[in-house]
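See below for the structure under consideration.
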Amino acid sequence: MTARRGSAPHRIATISVLTSPLAQPGGGDAGGLNVYVVETARRFAETGVQVDIFTRAAAPRLPPIVELCDGVVVRHVPAGPPREVDKGALPRVLGEFTAGMLRAPGDYDVVHAHHWLSGRVGALVARSRGVPLVQSMHSLGLVKNAVLPGEDGSAPPAQIAGESAVIAAADRLVANTAQEADQLIALYGAAPERVHTVHPGVDLELFRPGDRDQARARLGLPHDAFVLLFAGRVQRLKGPDILMRAAAQLLHADLDLAQRLVVAFVGGPSGELQADPDQLTKLATDLGIGEQVRVEPPCPHPELADWYRAATLVVVPSRAETFGLVAVEAQACGTPVVAAAVGGLQTAVRAGVSGVLVEGHDPARYAEVIRALIDDPARLTALRAGALQHAAGFGWSEAVDRLLAVYRSAIEGGRGRP
């Protein structure tokens, strides 16, 4: 596992403790991180770089190795009980995970850890093997705590300490956006020369425009409806309640809209909402809009692309977001986005061109923005064109090229070299 100094990487050890890359994104802890790990690995393999993805064996009788595609394997590491566990319990199995990873055969050039839990493992493995550690955080506890102070879903002190240790140990840090890079430096004291910004991508072959009426027919949606779509994990941080309350205000202000409006939520409960998976449906009933709301489980990407095409608007009202992959996927399908003006969404959405960014988290403000778009079909048409143009700049090939440059920098320069 000794790095080939002065050359591009030939083999990468990728670590994903939090969630398996084989899991269906959109529920539990599976989300954009899963998509990122899988899509970058596939494209690394296309360039001739082999990728081994190490993840926890979270179910009984899993095969030790699963081939994801030619050049990419997923290695299941026994660590803790062979079942899904609350992520709050995962720090207790990191020692077992680290030991299992160190026993695995392989000569790797670089370790790339995703999420702070993986980083705790990655720091030990990289140091033991004499190879550089590249770290992607995907979320930051201090940022989350600023918007969810003291609430369920906020980051505990042990997580903040763990994040700080990982950030200090990493040879290179990959930020999804300039905003995340600034947060790493300002909040965690990361050395600026070790922070590299690499925007995630989307599969532009899969997420592309299609016939809206056909998509709606496949999904059982009225062809003439005004469809608002929330896609992703259903948790407070993602703000599904904001969209639900905004929709209720729209309907109560215009009863005629009840015949046209469909509010769809595609995703599974995550975080604090896993204890009450029906909470979203209950909220719709309490607000008197149960007939207009449709709640669907997470679905494979081809079906998700149909949901994006079927939607009039995709709404991403996150209270915090390091990037917002859903927003770019939707725009790649030609659907404008109404999103919170937070974090990476300010990069994922081009305000006034591909969608609308909303300041604050007041449902009334979202209702106002959506109502204005309902009343202005010409603007919606312009935003559709802008969405396609903006999303075209987020293919995976550029992201992978930039990641490979980060790896080369880490291999050749070592710690502290830009």
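From the backbone N, Cα and C atoms, a Cβ is placed for every residue, glycine too.
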**OP:** Going by Swiss-Prot, Tyr308, Arg309, Ala311 bind Mg(2+); tell me which of Thr285, Thr322, Thr335 is listed for that site too.
**Re:** Thr335
Original post:
Asp29, Ala30, Gly31, Gly32, Leu33, Asn34, Lys87, Ser139, Gln159 bind 1D-myo-inositol 3-phosphate according to Swiss-Prot; which of His10, His112, His115 goes with them?
Top reply: His115
Subject >> Distance, Arg233 (UDP-N-acetyl-alpha-D-glucosamine binding site) to Lys87 (1D-myo-inositol 3-phosphate binding site) (CA atoms, angstrom) >> reply: 15
**OP:** Using C-alpha positions only, work out which of the binding-site residues Gly31, Tyr308, Ala311, Thr335 is nearest to Arg233 (UDP-N-acetyl-alpha-D-glucosamine binding site).
**Re:** Gly31
Subject >> Spatial separation of Leu33 (1D-myo-inositol 3-phosphate binding site) from Ala311 (Mg(2+) binding site) - C-alpha basis, Å >> reply: 24
Original post:
Under DSSP, is Glu321 (UDP-N-acetyl-alpha-D-glucosamine binding site) helix, strand or coil?
Top reply: coil
Subject >> Of Gln24, Pro25, Tyr308, i.e. the binding-site residues, those within 10 Å of Gly31 (1D-myo-inositol 3-phosphate binding site) when Cα atoms are compared >> reply: Gln24, Pro25
Subject >> Nearest of the binding-site residues (Asp29, Leu33, Tyr308, Arg309, Thr335) to Glu321 (UDP-N-acetyl-alpha-D-glucosamine binding site), judged by Cα-Cα distance >> reply: Leu33
Original post:
Cα of Gly32 (UDP-N-acetyl-alpha-D-glucosamine binding site) to Cα of Ser139 (1D-myo-inositol 3-phosphate binding site): how many Å, rounded?
Top reply: 11
